[in-house]
Structures are given as C-alpha cells and as structure tokens.
Amino acid sequence: MTEHLGPSGGERRRGGTRPARERVTSVDAANARTEPAPRTSRWAVGEAETLFTRSLMLAHGRLAIACLLSFGAALVLVTVVMSGMPLLDALEVGGVPVSWLIHAYGFYPLMIVWAIGYTLACQRLERRFSQLVEPE
Amino acid sequence: MSAALSIGAIVAVVVITAIIGIWGLRISRTTSDFFVASRTVRPVWNASAISGEYLSAGTFLGLSGLVLLSGSDAFWFPIGYAAGYLLVLMLVAAPLRRSGAYTIPDFIHARLDSLIARRLTSALVLIIGWLYIVPQLHGASLALTVVADIPPWVGATTVALVVGGSVAAGGMRSITFVQAFLFWLKFAALAVPAIFFVITLSGVEPEIDPALVFPPDLGPAGLDPYATTSLLIGLLLGTVGLPHVLVRFYTSPTGSSARWTTVGVIVLISAFYIASSTIGLVARIAAPDLATPGVADTVALQLPSRLVPGPVGDLLTALVIAGALAAFLGTSSGLVVSLSSAVSQDLFHGTVSSFRWAAVICTLVPLAVALATAPQGLVTSVGTVFVFAASSLSPVILLGIWWRRLTARGAIAGMIVGAGLCAASLIASTVIGSSAGVPSTILAQPGIWTISAATLTSVIVSLADGRTPVSTDRILSRLHSPERSRGEIPAGG
C-alpha cells in the first residue's frame, strides 16, 4: 500500500525547485498483483480494512444489542412493578395514583440514561478502532 | 375576546414561520442547501429541528384526548415514540449519516444496486408520508373549528398553503430554522399551561374521587400484554422507517454528531411528552364530560378557559392554539421536505426547480384526502402510520445496515409482504371492529407479526437468492467506519 503525502507525488514541483516529498510506507500491492484488478471505486476497500470494518461492525452490533436488551429488561421490570402492585394504585400523590404517575413519567429518565451511556460507549469504541487503523 | 386572541396567535405563528422561511431562503443557494442544509447543522439546532418536526398533532392534542378516553394505555404512545429514537440512535443514526445518501430511496439504491427496490421504496415513502400528513391537516381543522368556529376546510387549507409555500421557497436549510423555532413554541405551549393547571389544581380542595377519575382497570393494572407489546414494537421500529426522521440525519456534519443529535432529541421529546402527559392527567380530573370520541382531542384547547378563567385563560388558550398550529406546520413541513426530495430525485432530475414542484404536489394530495375524509382519533391515526412504516420499510433499512447478505430481491419481497400484510390487517380490523375479541386485537395491533413476517421474508428470499451486490463490502465499510479512518472530510458527504 502506498501513501502519497503530496498532491501528486514527485511530478509536481513545489516552489519550482524541488519535487514534493513522497513517503512510501509499504510495497505497492496494486502494482505487484498478477491477477486482474477487482472492480474499484471511490470507496474501494482493502482486505485489511474490510476485516477491521467487520470487527468494528460486530462490536457496534454487540454494543447495540446489549444496550437494547438491557433497556428492554428495564422497561419490562418497570411495567411489571407498576401494573402488578395494587399498592401503587392505592398510593396517591396530588390525587393521582402512583402507578399512573410512573406510567406517565417513569420511562423517560431511563431512555435518557441509556442514550447517553450508549453514545459514550460508542465513542470509546470508535476511538479504539481509529487508533488501531491510524496509529499515531 | 378569546377567538380574536386565538386568531391573532395563528396569524403570528404563520407570519413568524414565513419570515424565518424567507430568511432561510436568502442563505439557501445550492442544491445541497435545499436537500440536506449542506450538512452543516449543529447538534443542538438539529435536535430542536428534529423534535420540531417529530412532535405532531398526534401527541400535542391527541395524547391528552386519548388519556381522557381510554386511560393510561395512551401513555404507551409517547413512550414508544421516544424509545423509537433510542433504536434510531443505536442502530441507524450514524450509519445512515455516513451513507452520504440524500433520501431513503437513495440509500436503498446505493446499498442494493437495484432500481426496482429504489422505486418500491419511493412509493412506500410517499404512502407513509401522505398518510402521516392527513391527521395533521385533520388536527388543524379540528383546532380552528373549536377555538374560532372557523369552517373545517379553512384550517386544513391554511396549513397546507403555509407548508407547501415555505418548503418550496426555502428547502431544507430554511426548514431547519423553522422547525427549531416550532419545537420551542410547541414545548412552551404545553409546559406553561401545564404549570398553570397544576398550580390551580393544587390550590383547591380536591372534590374528586381518585377511584373514579383514575380507575385501576383503566390504569397500568389493566394492561393487555399482547396489544401493548405489539404496539410498542410497531412504534419503536416505526420511527426507524419514517422518511422525515431519517432525512434529518443527513444534515449532521458527522456520524458522531448524528448520535449526539439523537441524544438531544430524546431529551427534548421526553420533556415535551412529560408536559403533554401532565395535560392528559389534568384532563381526567377537570374535563371528564369531554370524554367522547371526536371531542376528546380538543381537551387541551378547552382546559385553559375551564381552569384559569379570565384574560390569563384567554392568553393560555391562544398559546395552546399557537402550539397546536406549530405541531401541524412542523410535522407537515418536515414530511413535505423529505417527500419532495424523494419525488424530485426519482421522477425528475433532483434539481431545485423539481424540488419546488414536488413540494406543491406532495402537499396537495394529502390536502385532498383530508378534505374528503372525517378526522379519527389523532394519536391512533399517527400510531397506525408508525406500524405501517415499521412493517414495510424498517426491516429492510435495518437489514441493509447490519446484514451483508441482504439482496435486492429479498428487500423487495420483504417490503411487499410487510406492507401488504399490515394494510390488509388494518383494513380487516376496521371492517370487523372491536367486537370479535382476540382476533380483533391481533388485527388492530398487527406490528409484532407483520414486522416478523417482513423480516423473515427478506432473510429467506435473500438466502435463497444469494446474489449479494458486489459493492456490499464497500458500502458497509463506509456505513460503519468513523469518518477520520476513511480519510473523508466530515462535511463533504
């Protein structure tokens, strides 16, 4: 893989005196290949990148499913508590049964906590991935 | 006095919306401005704008009406609408932003490399959008009739004219500012009266019997597990399939900002639903006489004059009507923007001029339907659209993002099966009514089995087909890689 750090390698002259610097970081696999080149496009991906992306995708998927399942469990728990405890129907705040108040207001704080938690975990995941792909 | 104030509030909202739209027009110069606001909208503005177009007549007027009519079961609707964004956040927001597509049909076309799949998606987007706009126009008719005794067609036509005109004039960029303004107006229009109501009610000796006003069988204890689960799954997944929800993420600068935008949306709509649910609880205490179908949806408009008599009550009524108008305008204009994007890209050449014509067409069709039909319960009408979107588009969008073996044939089969089964079930439910017991419930809340059927069909047909598009790895890599690692300039799309 070749990494060009100038606009077009050594052909263009900067300031009319010296060729722009070009740094080769590894063997150019595309030129060394003997079989026909695969279909390429603006977003062509190498095998290594595909592997990285697959692992990132899996990690993203696992994180999303873990968050969704745990949120679902919390949702079911609150639902069972508010619908299965007659005590909460008898208990009132301002004339409104607590079971109704939980139903009206109780689920939104859970969503906010899960949303922030997921987004922070996701950022951490992508930062780790970026460091792996582009080690400084 | 009250009618004059209400009409003044309506005129003020329309004028301010038009001014912001015209201001947006001055800075909307390119095609990218029109379709995705040049992908430069910051999370706070974008979250306000998304919330502005998401919170419709369904929850502004319909939620309190349904709480009054059927009890705490109504709270599942806003819970499902808000939790739907959690699903969007975890499964859709960042990948869709990174897809770089302008519309859902664009995304499906790029992912599956199939013109037929694209055309079918466009047709479903149009159906979902039009079905969603109709209750907004019905809500406008209802609200204006109640507060100012204006004929029903005036309300629907006014909203349609303002929406069609402002979208055609300014496109996405101007609509973003309009939506952000409309959200804060809607929120204030419910939160301020809710605070007044709670203060008023807490200051008087309670004359109510809680067992009558909040009977246990209409509360959480009377929960139907099948109907609740099916409805929640439909609402959660429906959010993923709504055209005006997804198009918003294309306006975020990066995938990561698309996620933070979604977190902001969850916070903002939660605050709104808390205010709206409070109005519902107050309605059960203060206006039990309005608990009849067709009238219950007007309770939020009638509470201020009942609980806070005098000029303050008149002002609160004017504020609520301004908020209601903001709800109709916000959702309708968001929908018209996304429908116009899809229509102009598919039927024309995606130019600014075609976008404007598409905006006019996409407003006139639902207006004709709204004028020809009678309003039903607003929150349930909107809920039905969610279930249809969840059955037809959501499985294919989710599989397209997360499953590399999805093929065009699988997606087409899934969309047809999901849309067909859901439509047939809802029509059958209307014909049979609610008297048939369990079958009625299964047909009225079909989400759980229509979504499963659509997903299974897509998976089975894709596996049997096996013709995965050659670009699958490339597209998935783009969807799931953080911008920096792709070497992409974040705002360039």
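Keep in mind that glycine also has a Cβ here, set from the backbone N, Cα and C atoms.
Long-range contacts of the transmembrane segment (B:6-25) within its own chain (CB-CB distance under 8 A, at least 6 residues past either end) are made by residues 144, 147-148, 158, 162, 165-166, 169-170, 173-178, 181-182, 185, 317-319, 321-322, 325-326, 329. Feature annotation from TrEMBL assigns transmembrane segment to B:6-25 (among others).
Residues annotated as transmembrane segment in TrEMBL: B:45-69 (among others).
The transmembrane segment annotation in TrEMBL covers B:75-96 (among others).
TrEMBL lists B:116-133 (among others) with the feature transmembrane segment.
The feature transmembrane segment is assigned by TrEMBL to B:153-171 (among others).
Annotation source TrEMBL lists transmembrane segment at B:183-204 (among others). Long-range contacts of the transmembrane segment (B:183-204) within the same chain, counting only residues at least 6 positions beyond its ends with a Cβ under 8 Å from a Cβ of the stretch, are 13, 48-49, 51-52, 55, 60, 268, 271-272, 275-276, 278-279, 282, 285-286, 300, 303-304, 307-308, 312, 316, 319-320, 322-324, 326-327, 330.
What TrEMBL records for B:226-251 (among others) is transmembrane segment.
The transmembrane segment feature in TrEMBL is assigned to B:263-287 (among others).
What TrEMBL records for B:315-343 (among others) is transmembrane segment.
Feature annotation from TrEMBL assigns transmembrane segment to B:355-374 (among others).
Annotation source TrEMBL lists transmembrane segment at B:380-403 (among others).
Sequence annotations record features per position, and here TrEMBL assigns transmembrane segment to B:442-464 (among others). Long-range contacts of the transmembrane segment (B:442-464) within its own chain (CB-CB distance under 8 A, at least 6 residues past either end) are made by residues 226-227, 229-231, 233-235, 237-238, 387, 390-392, 394-396, 399, 403, 405-407, 409-411, 413-415, 417-419, 421-422, 425-426, 428-429, 432, 434.
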Contact check, the transmembrane segment (B:75-96) vs the transmembrane segment (B:380-403), 3+ Cβ pairs under 8 Å, seq sep 6+: yes
Listed stretch, out of B:263-287, B:355-374, B:380-403, that has the most CB pairs under 8 angstroms to the transmembrane segment (B:315-343): B:355-374
Range from B:45-69, B:116-133, B:153-171, B:226-251, B:263-287 with most C-beta pairs under 8 A to the transmembrane segment (B:380-403): B:226-251
Stretch with greatest number of CB pairs under 8 Å, the transmembrane segment (B:355-374) reference, B:116-133, B:153-171, B:226-251 candidates: B:153-171
